[in-house]
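Asks: My questions will all concern the structure given below.
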Amino acid sequence: MWNELCEPSVDVYSSNTTHNTACNFGSSTRLGLAFVVQTAFASILAVAGLLSYITFSYVKKWVNWRRSRRLLNERYPFTWPSHLLFYLVALLLFDLIQALGTSLSIRWIADAGIQEGSYCTSQGILKQTGDLGSALTTLALTVHSFAVLFFRWKPSSSPFLAFLVLGTICLFITLTIALAYRFHQTEGYYGNTEYWCWITYSKFRWYGIGFEYMWMWLTALVNLLLYIPTVILYFGFLQQEEMFINGSPKRRYRFSWRASPGTDRRTGWILMLYPLVYIVTILPISIARFLQFVYEAEKSGKTIPFYATVIGAILLSSSGLINTILYSRTRTDLLFPSDSYLEKDGEIDTEVDEDLPQSFELHPLH
């Protein structure tokens, strides 16, 4: 125990509040949480760096577009990036929020325990926002990619649809969190969940499942259901034939145990990474939380081993870092655009290229 050496970092401490556990964490617990926080800080640095570069690149692209229009006296439109970029940026932002929420556990390490209050509530809100937002933006990314890759859908060059989808996601998250907190604020909706602050599953376990984990599991399931046929298509076992019926293009799909020649298997292998990465990052903590929900409901007195919780928390908090590495290596066309508006050898390039195609053209790992 740490009661003799520990000094909580807040002045007000109510010993009557059973959920306040300052000075109750042992050295192994603090060490495990330290690994979780370090992983979260790594995700914060990685995501912040990538988002800064994306912002710089597209601001530079826009400035050069304005300069080209002025110097060439031509009024060609600005080339909007792919819808996928907007979904990806949103995913990274939610990964950043989730990592920020996890990093707040540094105070619980210092206090050797958790004290409920505004700081604890802030961590719960940030963690739920990040987890739910990451799940929903991943879901949007998956559905969009499947439509483009499998059905050869060509989205509009206007970003309106992407803005509509992301606006709906943000509105849903805001209403979900704000309304639940408003109606249950006095009942301890966010509080001590043993190692950090989140929705207190002793009273609100169904809120935790319905407002977060259900969407994480649904996203994982949809990832599998949509990426598997797309991978089979790229491996050549599912063949796509296009025909015209009454002047309208129609597609027919035919499965074959023998792969057709000229297939892009390298892209197929890369496509397998996306659902795999998401499932690996959410599955351990999901299992740990689900079992904890069951134990709480049964009042069996069983607990999840701390090491299992730590492993799950490390994987979840590393999602920002992993996504940064994954998309930086496989989606260079989105994240690192060529600038067709830059000067070349002292002259303005008069050709405006669509440097970010709306199609989902994957760049293989090197």
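Yeah, the Cβs are placed from backbone N, Cα and C, and that goes for glycine too.
The transmembrane segment annotation in TrEMBL covers 35-59, 80-100, 132-153, 160-181, 214-237, 268-292, 304-326.
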Asks: Can you name the far-off residues of the same chain, 6+ from the ends of the transmembrane segment (35-59), with a Cβ under 8 Å from a Cβ of it?
Replies: 81, 85, 89, 92-93, 95-96, 98-100, 102-103, 105-106, 109, 310, 313-314, 317-321, 323-325, 328, 335-337, 339
Asks: At a C-beta cut-off of under 8 Å, are there same-chain residues at least 6 beyond the transmembrane segment (304-326) that contact it? List them, or none.
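Replies: Same-chain contacts beyond the flanks: 28-29, 32-33, 35-36, 39-40, 42-44, 46-47, 49-50, 91-92, 95-96, 98-99, 102, 131, 134, 194-196, 273-274, 277-278, 280-282, 284-289, 291-292, 295.
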Asks: Go through the chain and flag residues at least 6 beyond the ends of the transmembrane segment (80-100) whose CB is under 8 A from any CB in it; none is fine as an answer.
Replies: 40-41, 43-44, 47-48, 50-51, 54, 58, 126-127, 129-134, 137-138, 140-141, 144-145, 155, 157-159, 161-163, 165-166, 169, 316-317, 319-320, 323-324, 327, 331, 334-335, 337, 356-358, 360
Asks: Please give the sequence-distant neighbours of the transmembrane segment (268-292): residues at least 6 beyond its ends with Cβ less than 8 Å from one of its Cβ atoms.
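Replies: Answer is 135, 138, 142, 145, 149, 201, 208, 213, 216-217, 219-220, 223-224, 227, 230-235, 303-304, 308-309, 311-313, 315-316, 318-319, 322-323, 326, 330, 362, 364-365.
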